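Features as listed in TrEMBL:
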REPEAT    59-97  repeat 'RCC1'
REPEAT    98-136  repeat 'RCC1'
Amino acid sequence: MSSRVVGGGMSHSLALRRGGGVSCWGHNFADQAPPDGVDGDFVAIAAGTWHSLALRLDGRITCWGSNGSGQAPPAGVDGDFVAIAAGHSHSLALRRDGRIACWGQNTTGQAPPGGVDGDFVAVAAGFRHSLALRRDGRIAEGADLAVGSQIMDLLL
């Protein structure tokens, strides 16, 4: 298998193959790691605890695995996305215009319903928290994504 990107969930792994498909292995009890993989024209992958995401070339997102909190809608997510992240029971996607779309569990403010406006350039998701990097280098975390608070100023 020739891969160009890898991702790891709680007990499953993903690899983005050079041809755009996704190879999956590990525990698969929630269908988060189908042994035959997932075919498509994918450019990025993300693995949550029991769910997986793949970003298509056209900006749409394909989701599979556990959807108990709405983190992996089987119909996928339409949009003009450029990056994705998967946490425990939530998912994030960065839109081309710098806004963030969020879905799934939001018990600690990790996935604000309706998304987050801003000038973001990257997203990341942890177990029950989310991070986003602003164009100016400031980092927003968790519930502070929605209110736009500055959590850290880092020289990047």
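Cβ coordinates come from backbone N, Cα and C, glycine included.
For the repeat 'RCC1' (59-97), the DSSP counts in helix, strand and coil order read 0 helix, 18 strand, 21 coil. Remark: secondary structure over the repeat 'RCC1' (98-136) totals 0 helix, 17 strand, 22 coil, with classes taken from DSSP.
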